[in-house]
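Sequence annotations record features per position, and here Swiss-Prot assigns ATP binding site to F14, S15, G16, G17, Q18, D19, S20, A21, T22, C23, L24 based on sequence analysis. What Swiss-Prot records for C202, C217, C220, C223 is Zn(2+) binding site.
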Amino acid sequence: MIDEPASRTALVLFSGGQDSATCLAWALQRFARVETLGFDYGQRHAIELDCRDSLLAGMASLRPDWAKKLGETHTLAIPTLAEISDTALTRNVAIEVSESGLPNTFVPGRNLVFLTFAAALAYRRGVTDIVGGMCETDYSGYPDCRDETIRALRIALNLGMVRQFELHTPLMRLDKGATWSLAHELGGTGLVDLIREHSHTCYLGERGARHAWGYGCGECPACGLRAKGWREYLARIA
């Protein structure tokens, strides 16, 4: 008999960004205990990892019941990903669209690697629920964000590790406006303000420029999506 989520532990892929912060709140609402995992892979916006502490502290302060559920925070360094990737997320080059139609911010295999490492850690921790912020609605066309990719990987992980992992992607069908709305649904304006102020999305790692939707350069694709989502969210609650 499979235990209900309210009695299980989840491992959340937690970068410090808007999507992963929303997924963390989603998991805290559903599971008995929640651990987090971040990756240092040589990303230009590594400042996102520094945002995690503020987000964790903020969520614990916002909801005492969430504070009791927060477990260990893990960080894995995988510099090899940057060594084998020639992308604008790991090298100091201009962000542009490649001949394939994908932006050069695409890091080949990144989510596949992240979820495989997460599953290996979950295996050791006795955890079968893994939560990620992948989304195929409002995204840059990354093939490893697609639902069919995640479902196929789940099958491979379960076969390769002889486990029954569940890969939860609560944002898969949501655009960025709906992601802001989900944060409001989970934690009210307090959570929305926490994510707006303390999460990081900008590909260039800019934290000096403050906008209505948070910090960022305001020009990169990630900032554009976040800003567009914020405007849509405001229109929905008006």
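Backbone N, Cα and C define each Cβ position, glycine as well.
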Cα-to-Cα gap, L24 (ATP binding site) vs C202 (Zn(2+) binding site), nearest whole Å: 19
G16 (ATP binding site): tally of other CB atoms within 10 A of its CB: 25
For C217 (Zn(2+) binding site), nearby residues of its own chain (Cβ under 8 Å, 6 or more apart in sequence): C202, Y203, L204, E206, A209, C223
For S20 (ATP binding site), nearby residues of its own chain (Cβ under 8 Å, 6 or more apart in sequence): V12, L13, F14, G132, G133
S20 (ATP binding site) in three-state DSSP notation: helix
